[in-house]
Structures are given as C-alpha cells and as structure tokens.
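Engineer: Let me begin by handing over the structure; questions about it come next.
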Amino acid sequence: MYVVTAEEMRELDRLTIEQIGIPSLVLMENAGRAVAEEVFRAAGTGRTRWGVLVGKGNNGADGVVAARHLQDAGYDVQLLYVEDPSLWKGESAVQRDIAVHYPLRSEVYVPGAVDWSRFDGLIDALLGTGSRGAPRGPYAAIIEEANASGLPIAAVDIPSGLNANTGSLNKPCIHAFLTVALAFTKRGLEQFPGAEAAGQVIVRRIGIPGGLADKLGVSTFTLTAEEMDEKQGLDAFRKRRSDSHKGSFGHLLIAAGSRTMSGAGVLCTRAAIHGGCGLVTWALPDRISGPLTGLVPEAMLQPMEDNGHGGWSAVAAEQLIPLTEGKEAMVLGPGMGRWDGDTLWMRAVWDQTDVPLVVDADGLNMMASSGTKPWPTRKAPVILTPHPGEMARLAGLTTAEVQADRIGLVRAFAAERGVTLVLKGARTVIATPDGKVYINRTGNSGMAKGGSGDVLAGLIGSLLAQGLHPEQAAVIGVFLHGQAGDRAAADKPSYALTASDLITYL
Ligand SMILES: NC(=O)C1=CN([C@@H]2O[C@H](COP(=O)(O)OP(=O)(O)OC[C@H]3O[C@@H](n4cnc5c(N)ncnc54)[C@H](O)[C@@H]3O)[C@@H](O)[C@H]2O)[C@@H](O)CC1
Ligand SMILES: [K+]
C-alpha cells in the first residue's frame, strides 16, 4: 500500500483536479463523507453528540462536510471554528456558507470557554497536510483542551500537530483513537510516535486514482498481508517443489557467537534452519564449540582456531574467508564481540569474499568504527540489519536523530551505500539500494528483547541462501519475524515472549 508525504499528497490532489478534472469540492465531499462513515461505524448509536474542531484550511472544510453527513445520520453535531470564519477563502468559505444554510450549529472557539461535557466525542479537523511546524495560537490551545477533555477524538487525515512526513509529534499534538487517512496513508501515520497518536488508521479512497501514485513515483509502501503474497512472492516462497532435496535450498555460513554471547549464535543458527535453508554451517570460536556440540543438531559446526580464548580476536580473517566457498550466503556479527583490529578484519572479509552478506550487531559496529565514509560497493549484495543505536553509529548521528526521520534516513543511506538496509524497531523499515522503502506492520512489543535481532539475522540469511533477491529476503524475513511474534503473543502474554518462541512460531 502506498505511503505518501504531505508534498506528494498535495501533488496527487493537484493532478486529480487539474489533469483528471475531478473538482476539488467533489474530493472534499468524498473525504468528509468517508470520515462521517468511519465515525458512525466506530461510535454507532451510543455516542451521538459530536464536536467538530474546524481549522481554516481544507482539513477544516473536510470536517464541515463530515459534520453535515453525521447530522444527516441523526447525530447531534456542533462546529467549533478555531478562528473567526468570516475571513475564510476558497473551499473553506464554501463549506462555511453551506453550514449556515444547512443549517449546522456553530460557534467560534474561545479558549477556556468550551463546556466539553456537552460532547461524546470530537472530530479533529484543525490541521492536515498543509500544516507547518507546531500548532500556533488558538490551534495549540484547542488541541490541549481537546486532549485534556478525555473525549475520544477522530482525526481527519492526520492528528493535528503530527509531522506527516516523519511521524514526530509537535507540541501539542492531538491524540486520536481513530484517524481516517484520505486517499493514501501518510508516512507520519506509519512510524512512531505518530502511529500511536493516530490510533487506528483507516485509509479511505476519495476519488484519487491509485495509479497516480505510481506515476508520480511514490516509492514508500506498507507491507500488507495481501501484498506479501502478491507482490513480494511470500506464497511462492512457501511452496517448495516436491522433488527438492537439501541441496535445493542453499547453504548458509554463519559467523557468530563468543564465550559470553554464545546464545546469539545458537538463536541465529536455529532461526536459519527454521527459515528453510538446506544446510547451515556455524563458524564459532573453537573453545566454545565443544560445550555447544549437539545443541543445534541440524547445523554443522566449524570450530575456528582461537588460542583458547573463546572469542574471535585470534581468529584470522583468512580462516573465515575460504569458508564462504560453496555457500550461497553468510551472516556475520551476532554475539561476536569486539577486539583490537576488528574493523580491518571485517573490511578484509567484506573485500575478499563474494558471497551475499548479512551484517548484524557487532559486525555493524566494526563497520561503524571506520567512520562514516562508505565502504566500496561489493560485487555480491549486502543486507545491514541495525537497531537504532547501531544505525546511529553507522550514520554518525544520535539515536534520537535516527528515530526522528527513519524513512528519510534509510532511503538516503541505502542508496548512498548500495545496500539493503533493515532499520529495526517498532514498524521496522526496509530500504533498497534503488530507493524503495517498505514499512512492516507485523510484530509487537513482546519482541523488544535480547535475541530477537539474532533470530532476524539468521532468518534473512536463510532466505538469502535460498536464492531470494536481497529485497525479498529482507522484506519477507522482517514480515515473518513479526508474524511469528504475533502468533506467539496470541498464545501467551507478550511480555513473556522469548527469542526462542519466535523460532518456534516461524
Ligand atoms: N482538494 C484538496 O486539495 C483536498 C484536500 N484535502 C484535505 O485538505 C488537507 C490539506 O489542506 P490545506 O492544504 O488547506 O491545509 P490544512 O488544512 O492542513 O492547513 C490549513 C492552514 O492552517 C494554517 N497553518 C499551517 N500550519 C499551522 C500551524 N502550525 N498552526 C496554525 N495554523 C497553521 C495555514 O494557513 C494552512 O493553510 C488535507 O489534510 C485533507 O484533509 C481533502 O479534502 C482532499 C482534497
Ligand atoms: K486533522
């Protein structure tokens, strides 16, 4: 499903009006009616007294249309104009005049003078995609009062105060239980904290043809369950040929685990096996290979000479590099730890192997330690799977800066480095080197635990080894990982979820 910016949305509106010839007022009527229908669906006949907070732009005008339709459906509706509407122009003035003749009850907002107990719910039609910066003047005051009222708020298009492009919240910002996104969902509704402020997001068509987004080059998408089969080939991946054998599904090499973090290697290896690849070889420090023998019976262990340390510091890159021969993919990083000279070690592996590579955890930190200058593009594809902290180190930013515009950052970084990038965290984003960004919706907070990332790295490596395109491996891996978490959380409280559960439910 397409995800647009405020600028893209304005352009889509403009093209629909100017090139297709659908009048703006028709789009507005469709928009307002859609909002009314969704509010009616949510509130039913129990909560019928609604206040509509109306701003001076088209978002406000949508709200006036919604008010008409709700009044028509039998609701008791009151418009609260945030500022004197007598100065309004264009479509807002048209809707204001219709409201007078309809008639709809209206008043101009006076801070502190609204008796909120008159209402069962509010519609936020203050600011939409035309808003800039933090809500000012009476807009800020009414948002604060509306939030404080405790009433359920349904937002038109976006919660007022939300940055529609990044998902960050201005102060103040409406906290809605429902947002009716018009025509397309917006980036800010699909990333936290915006996703939280928006509540349930329902996307309603308003007459803008979907194909127009493609024409305009919109290249951000949510991963819906339907599209996973159709567009990402999940269904086809699941169907294994009946005449297949273990050699048909690739051989994955995993370099992971050390004395204090052997579990990362275990989880990564087990996830890879459950992810479907034919053979998995786990390269690990010799000292820990003995105690771990038999723990993952399906995998082959490849002990690496480690001078008895149980870590990777004494394992020469030249020991690992030849192991990539005959492998379809490699995962490098989970639980490896850090050591003197590890960045050069990592660089040698990067330069001297031509196997598709998934880099996670310490592997990413080794790369980050060389600074933010991009490494040369490898012949074989690379998938990086940082969490926000690792991403911050890779990009030379703070974690807060990473989180402030995840979509914008991953798109630029993936394109600049020529890699597929998976930025983890609630609503994981995946960027491809050619500029596409996918937003995942599966998963839950029970997965916010040590080990989840090791499982994801192993799973993506497994899919890569099975011959999936890096984009497909990353997207399907992230989707299935979250889905496993959701299945596990259906069977037990989400706080009790473990990384091992994710593997069980894959
Ligand atoms: N024909 C169209 O263009 C359509 C537009 N639609 C609606 O129109 C909205 C966009 O409308 P507009 O572009 O008129 O803009 P908005 O309605 O989002 O903003 C209204 C006005 O508020 C003022 N403003 C901006 N930032 C502010 C701030 N921080 N504090 C206080 N005031 C601020 C500006 O003067 C701005 O023009 C969409 O979100 C959607 O709801 C829909 O009706 C579909 C059709
Ligand atoms: K709004």
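Each residue, glycine too, has its Cβ placed from N, Cα and C.
Since we're looking at a predicted model, the values are computed, not measured.
Checked TrEMBL, it gives:
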{"type": "BINDING", "residues": "58-62, 128-134, Y139, D157, A264, G335, H387, D454", "note": "(6S)-NADPHX binding site"}
{"type": "BINDING", "residues": "N59, D124, S160", "note": "K(+) binding site"}
{"type": "BINDING", "residues": "K424, G425, A426, R427, T428, G453", "note": "AMP binding site"}
{"type": "DOMAIN", "residues": "9-214", "note": "domain 'YjeF N-terminal'"}
{"type": "DOMAIN", "residues": "229-506", "note": "domain 'YjeF C-terminal'"}
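Quick one: where do these features end up spatially?
Structural biologist: Sequence-distant neighbours of R132 ((6S)-NADPHX binding site) (same chain, six or more apart, CB under 8 Å from its CB) are absent.
A sphere of 10 angstroms centred on the C-beta of D124 (K(+) binding site) encloses 31 other C-beta atoms.
Summarising the environment of T428 (AMP binding site), the number of other Cβ atoms within 10 Å of its Cβ, over all protein chains shown, is 27.
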Engineer: Have a look at the binding-site residues N58, N59, S160, G335 and say which one has the shortest Cα distance to R427 (AMP binding site).
Structural biologist: S160
Engineer: Taking the Cα of N59 (K(+) binding site) as the centre, which of the binding-site residues listed as T129, G335, K424, T428 lie within 10 Å of it?
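Structural biologist: Those near N59 (K(+) binding site) - Cα within 10 Å - are T129, in sequence order.
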Engineer: Which residue, of the binding-site residues A61, A426, has its CB surrounded by the fewest other CB atoms within 10 A?
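Structural biologist: With the binding-site residues A61, A426, fewest surrounding Cβ atoms within 10 Å: A426.
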Engineer: Checking the binding-site residues N59, A61, D124, R132, S160, R427: which ones have Cβ within under 6 Å of ligand 2?
Structural biologist: N59, D124, S160
Engineer: How many other Cβ atoms sit within 10 Å of the Cβ of Y139 ((6S)-NADPHX binding site)?
Structural biologist: 22
Engineer: Give me the mean pLDDT over the domain 'YjeF N-terminal' (9-214), rounded to a whole number.
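Structural biologist: Here the predicted model's pLDDT, averaged over the domain 'YjeF N-terminal' (9-214), is 97.
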Engineer: Please check the binding-site residues D124, Y139, K424, R427, G453 against ligand 1 and give me the ones with CB under 6 A, sequence order.
Structural biologist: Y139
